[in-house]
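> Please see the structure below; I have some questions.
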Amino acid sequence: MSGAALGLEIVFVFFLALFLLHRYGDFKKQHRLVIIATLLAWYLCFLIVFILPLDVSTTIYNRCKLAVNSSPAESNGSYVTLAPSKQKCFKPWSYIPNGIMPIFWRVVYWTSQFLTWILLPFMQSYARSGGFSITGKIKTALIENAIYYGTYLLIFGAFLIYVAVNPNFNLQWNQLQTIGIAAANTWGLFLLVLLLGYGLVEIPRSHWNGAKRGYLLMKTYFKAAKLMTEKADAEENLEDIMEEVRKVSESIKYNHPLRKCVDTILKKCPTEYQERMGRNMDDYEDFDERQNSYPSEKSLVKLHKQVIYSVQRHRRTQVQWQILLEQAFYLEDVAKNETSATRQFVHTFRSQEPENKIIQYFYTPTVEWYWECLLRPWFYRVLAVVLATFSVIVVWSECTFFSTKPVLSLFAVFIQLAEKTYNYIYIEMACFLTIFFLSICVYSTVFRIRVFNYYYLASHHQTDAYSLLFSGMLFCRLTPPLCLNFLGLTHMDATISHKNTQPTAYTSIMGSMRVLSFIADGFYIYYPMLVVILCIATYFSLGTRCLNLLGFQQFMGDSEMTSDLIDEGKELIKREKRKRQRQEEGENRRREWKERYGNRDDSTRNRVVHTDQKESSFSETSISRPLSKYTRSNGRTERDRIELLQDAEPLDFNADSINDDPLELDSGR
């Protein structure tokens, strides 16, 4: 089994990262380099989280071997026995041979740092560029990142000059490397504590509120009102941009040198706008070089960038609106079915996606009712209590992990108790659960935060390239300090435990932080205590209240603005529900019409076609009578046909405006 666990986790983590990226990104429409770079960044960060427990168990076994070699011992097969105490050092099932982990961590760490500080920022500018060629996009990306890269080079150059001039400093390459790592980890730890303080409170609270159906329904109404405003703004913005594209397309003719750029812009427009512009364009008219009203290439690049952004935003709001409608309909169905006497879950609308037959066989309406209306709320409450317990343990350990005598960090206590008995399964499970919970608190916050429309991770393949690359940058910068913080909580870091023991392979590549004692003994130890203040602020929703005061509408139960948006969202959901019901009723009428009168219409049509043309005058008079008789006797059927041809009713519906006589409608046409 030597190295098998490492290989299995490498494969598993790859498919996990691929699954998440497929959920948020769009493999068909986004550039391959964007997908590959984001996948590599996510994969490396998740890999560090999953492999680190194996490094801990291997390090504990190596410490045991060092202790055995320093005392009289006897070799016995697969384990070593201490002579004085007869204690056994079993080899863990996931043991990784010496020399593999340092190389592995060095490749993973420096690759992630290259991605987050050099490649991904460049690709962000490249993805958002409106250039029409690869050279143009690269030039734009270099110009935008000149200040970004120049700042780092200036700071690093000033530091090297100071070290070279000052005779008191005699730093070697390894020490310079350690200083660079410490600087990157300090920046990451600063952001890590902010995100961790939010996630430790918000994750348990969101699961606890998930058991409250009324709370979820009110919050969905609130989201519907906000999303409708954003959706209308996106549609208006798209209309304005498409109007500019239309003017440019009409002014630049087919033989203009910039026509290829215009065609590239048109390809990025929605299909209906392309057809509309194609009908209104006259390509046979030559352009006049004496005119000065033609746009420049620079303005076309700017317009191209605006088109990409507006189309992506419009598509995202449309998809999110449909998802939110399904969620609202589902919550309303749950509220109705809670009082059902038959204890069978009844949906208002049929599912638009075909369901799996196996799921339909086991997940019957009765099972669905018991899960949705009875078991699921209790499951969320129990899960919220477990997560809240973990959060309390993390906060306590963050405030006390620097204490070694006595050991106050609960995670360190758990690991040391398992280390005495060399229970490697328990050690790996405890380490994995700890770092997994920390990662969930941090990474989920990255997925939730939204910086206006510049950074927003939207599921169902609606995340743009800029946000995907930015998330990869955040993951690569947050994961190394997260792992160091975990090793500090468990006292596996010699800088925290103050013990002269063998460090983990991950700590060894970071170098000794004693080069910068004020960071190792000060910032790394006392700054994580700030998580207590952040948790208190999150619990009382201070950030939400501040955003609400600044004019950014947030969901707050005691706010008048929230109540107004809830009422507005409720009316929007009702309107969409009536619209969906009319669509289903129309489909049912069409289906019934085809089943009842489909064959009869075909036979009548065949009789009319095969009628003798020489007797046309007689046949017209003879056929018109029975047809008129059939129409009068089947007025109800004709009325159904007219209703099927009508469009959906407007918002301001007035029943008096509908004419009850279908014959008058025909005469009007």
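Each Cβ is built from the backbone N, Cα and C atoms, and glycine gets one as well.
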> Among the residue ranges 56-83, 196-223, 224-251, I'd like the one that TrEMBL describes as coiled coil.
224-251
> Using a cut-off of under 8 Å between C-beta atoms, tell me which stretch among 6-21, 378-396, 466-489 contacts the transmembrane segment (33-52) the most.
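Looking only at 6-21, 378-396, 466-489, the most contacts with the transmembrane segment (33-52) come from 466-489.
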> State, in range form, which of 6-21, 103-126, 146-165, 425-446, 466-489 has the highest count of Cβ pairs under 8 Å to the transmembrane segment (177-201).
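The stretch with the most contacts is 466-489.
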> Pairs of Cβ atoms less than 8 Å apart decide it: which stretch in 6-21, 378-396, 425-446, 466-489, 523-542 has the most with the transmembrane segment (103-126)?
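Against the transmembrane segment (103-126), the leading stretch is 466-489.
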> Does the transmembrane segment (523-542) reach the transmembrane segment (6-21), going by 3 or more CB pairs under 8 Å (6 or more apart in sequence)?
no
